[in-house]
Amino acid sequence: MNYDVIVVGGGHAGIEASLASARMGKKTLLITMLVEQIGAASCNPAIGGLAKGHLVRELDAIGGEMGLCTDNTGIQFRILNASKGAAVQGSRAQIDMDKYREYMRKVCHNTPNLEVYQDEVTALLVKNDNEVCGVKTKLTEEFIAKKVVLTTGTFMRGLVHIGENKYEAGRAWELPSTTLSTQLKELGLRVGRLKTGTPSRLDANSIDFSVMDMHGGDVNPAPFSFRTNKSDFAPTQFPCYITYTNEKTHEIISSNFYRAPLFTGQIEGLGPRYCPSIEDKVNRFAERDRHQLFLEPQTAMCTEYYINGMSSSLPIDVQKAMIHSVKGLENAKIIRYGYAIEYDYVDPTELKHTLETKKIKNLYHAGQINATTGYEEAAAQGLIAGINACLSIDEKEPFILRRDEAYIGVLIDDLVTKGTNEPYRMFTSRAEYRLLLREENADLRLSQYGHKFGLIDDETIKKVENKRKTIEEAIEFMANEWMTSKKETLELLESIGEEKINDRVLLVDLIGRNSIDIFKFEKLVPSFAHLDNYLKEQIIIEAKYYRYIQKQQKQIEKMKKMLKATIPESFSYKGLPGLSNEVVEKLEKHRPPTIFNASLISGVTPAALDIIHLNLNIFVTNTKK
């Protein structure tokens with residue numbers, strides 16, 4: 001059978017890659033080990049979070065499915081960091097894991113141009129030593145394709161650890177992929193080993209919730225997808241519960257360090273720095289007398305709870321003892337024990353910004369195979385890989401998001417230029433231009449791309465453009481409207497509880513005060529009071545960041561100009577202060593014609609580009625003399 005695109009793996013990356021490909025009109029085949037597990041949430045029953053919510057909003061703006069699925073299957077919605085600025089707030093939703101999986105499976109089955117097939121891909125078909133042309137499966141079938149996208153998750157040589165016990169698996173009790181990473185290594189790709197883990201799941205009927213703190217959703221929940229009707233969005237919300245470990249818990253754990261695979265050398269791969277196991281936390285933060293735990297329902301039935309904050313690969317007797325030492329969990333019945341899993345990944349610096357491998361043509365990687373952690377990071381990569389595979393077939397320009405355009409751009413740029421030796425997680429602090437890259441404006445930033453690729457329909461893009469026009473009109477009006485200290489103005493400010501002004505002030509700066517809310521906005525800018533509250537909130541946010549955004553836009557224009565700078569053949573990188581030997585070696589080898597081309601070389605950081613640009617200007621000036 002012949003296909004345009006074959007996607008290997010039905011996780012969060014594989015779903016977005018295959019849907020994007022099919023929706024762009026390409027004959028697509030999604031091959032996965034278990035069709036029932038398409039869209040499975042292998043670890044926590046939640047989507048989003050700090051910076052992760054940005055990724056979901058961005059992939060939704062381009063035409064991805066994760067946001068819509070979350071809105072349809074979520075059982076609790078919250079805005080994290082709600083008391084802080086909009087740039088660092090993050091949307092998060094608890095999901096019904098079963099319904100999420102069912103939704104994604106149904107979408108995949110009902111999408112034109114997309115076929116779903118259950119099997120294990122055992123090998124890539126390669127011609128001319130460096131060109132993928134299809135895959136071979138365990139049932140000995142061969143499928144020919146123009147492009148192949150690998151989204152293998154934790155399945156490549158997956159090895160589960162629970163105490164001294166270990167067994168081969170891609171996920172608990174699911175078969176691993178045993179041959180694929182060996183072939184990738186033989187093809188010259190650098191393959192490494194990483195580790196992640198998950199906590200035990202508990203029977204709800206055995207938990208004493210009455211002694212825990214209830215943690216509910218927002219009163220007025222906001223959907224993830226820009227395409228979800230906000231006025232009709234009223235999901236049934238279920239609470240989570242908070243409890244804590246204690247000194248007894250820590251004593252049980254620390255006295256069994258000698259049995260922990262993490263410390264005995266049984267586990268070789270590095271785990272996620274920002275999501276450590278409970279034994280790692282107790283070891284690293286010995287001075288802490290407790291750690292917070294969240295009990296999260298896995299489905300709307302609330303029969304099984306996930307212990308967020310207690311990931312572990314300790315032996316089952318130790319897991320049982322430590323869980324029973326926690327307040328409210330004294331009689332908890334364990335349905336599934338926590339475990340760690342090691343798996344193979346491919347060094348992401350082996351990739352282009354399109355997520356195609358540099359050494360092997362037509363082969364794309366997305367998700368945990370690229371050393372990332374998290375459903376959202378995986379889904380974002382899957383979307384980009386799927387889009388670029390299609391664009392390459394059509395011989396069109398690749399889709400590469402800049403760091404100033406999207407968190408997705410930051411994610412991919414970090415991976416392919418800097419690389420990582422531990423599971424990579426997205427944070428707002430990784431984005432230099434985070435004031436521009438807010439959740440609520442993702443559609444304004446990115447929907448035009450989705451429409452261009454046929455992933456966003458005409459009606460949606462029309463709404464986005466109308467929204468853009470309204471916001472721009474409001475900001476332009478406020479940026480040119482002066483408020484003076486006349487009697488009427490002072491009385492108005494006093495009536496809404498705002499500090500008086502002593503001199504004239506631009507309305508945009510007045511609205512930019514932290515104390516301004518929708519009510520005050522309507523009083524100060526009555527000509528825009530008729531807009532819906534979501535739009536008014538966005539105008540207020542734009543006003544708050546107005547001055548900062550102006551500064552960042554100037555920085556971006558400066559950066560764009562810098563990237564266009566040409567580099568003469570006679571320019572030498574040797575001896576430039578601040579550049580590592582590795583970077584100098586790569587630059588001398590590749591001889592990039594422009595600074596933009598230099599930025600695409602792995603290991604060449606933004607700081608290195610600044611050094612090159614500075615010395616390039618000196619070189620050009622001296623050459624002219």
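Just so you know, glycine gets a Cβ as well, placed from its N, Cα and C.
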According to Swiss-Prot, which candidate in Gln298, Gln319, Gln368 joins Gly9, Gly10, Gly11, His12, Ala13, Gly14, Val121, Ser177 at the FAD site: Gln368
Cβ neighbour count (within 10 Å, all chains shown) around Arg273 (NAD(+) binding site): 12
Neighbour-count leader, CB within 10 A, binding-site residues: Ser277, Asn283, Gln368: Gln368
Spatially closest candidate among Gly11, Val121, Gln368, the listed binding-site residues, to Glu279 (NAD(+) binding site) (Cα to Cα): Gln368
Inter-residue C-alpha distance, Ser277 (NAD(+) binding site) and Gln368 (FAD binding site) (nearest angstrom): 18
Using Cα positions only, nearest of the binding-site residues to Asn283 (NAD(+) binding site) (Gly9, Gly11, Ala13, Val121, Gln368): Gln368
